[in-house]
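> Below you'll find the structure I mean.
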Amino acid sequence: MARVHVFDHPLIQHKLTILRDRRTGPKEFRELVNEIAMLMAYEMTRDLPTEEVEVETPIAVARSRVLAGRKLGLIPILRAGLGMVEGMLRLIPAAKVGHIGVYRDPATLEPVEYYVKLPPDLPERDLFLLDPMLATGGSAVWAVDAVKRRGGTHVRFVSLIAAPEGIRRLTDAHPDVDVYVAAVDERLDEHGYIVPGLGDAGDRLFGTK
Ligand SMILES: O=P(O)(O)OC[C@H]1O[C@H](OP(=O)(O)OP(=O)(O)O)[C@H](O)[C@@H]1O
Ligand SMILES: O=c1cc[nH]c(=O)[nH]1
Ligand SMILES: [Mg+2]
């Protein structure tokens, strides 16, 4: 069964509050999304395996640890997921980055694909799908399907704000995919927006509204 992790770290919660504020403009919004993504990456990577190696310091040989597990991959869901990439890459610079282009049709709320480009060695990587908003879950389920169809096996989903409906739909469809969020909000409104949420993440990141 999928595990749902809600990050209640005070720094994440503080930054999320500023992000939600309707007065926060695109420059600060972008900075905050990246900072929260970086803090979430730090928390999320706690379980990565390490192994002991020897390293020569200027004084002596030390036994110390390095990452030893599978290679990593970040897959932002366009557009809004792009806002999380830089912050996560700061902590895990060796990760490869794939892209999934999908938008939610505003009338039907169904996902519409427009671009997919993923690293060829997907089966060998631990994959982190990134999207700030998990609303109905339609885009998330579609994106995980797309990654699995191309051979991805170890997938996690990372989001800033989720609606209970989206978490349910994603974990029902993909019980093997753990979900990491900074907040679970109350509900969806009649247009499929998260309440209270933060509005349209893509528009707020890129200033398109
Ligand atoms: O859970 P869902 O109901 O599918 O909604 C969530 C999706 O909606 C938003 O993208 P949007 O379609 O606005 O595209 P954008 O990132 O280009 O703005 C958001 O970034 C998710 O991808
Ligand atoms: O609240 C929502 C729901 C979907 N997409 C967004 O950007 N915000
Ligand atoms: Mg949008």
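Every residue gets a Cβ built from N, Cα and C, even glycine.
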> What does TrEMBL list, out of Arg30, Arg46, Arg104, as binding the same 5-phospho-alpha-D-ribose 1-diphosphate as Arg79, Asp131, Pro132, Met133, Leu134, Ala135, Thr136, Gly137, Gly138, Ser139, Asp200?
Arg104
> So of all those binding-site residues, Ile194, Gly199, Asp200, Ala201, which one's Cα sits nearest to Arg79 (5-phospho-alpha-D-ribose 1-diphosphate binding site)?
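Out of the listed candidates, the nearest Cα belongs to Ala201.
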> Could you check which of the binding-site residues Asp131, Gly137, Ser139 is the closest Cα neighbour of Ala201 (uracil binding site)?
Asp131
> Helix, strand or coil for Ala201 (uracil binding site)? Use DSSP.
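SS state of Ala201 (uracil binding site) = helix.
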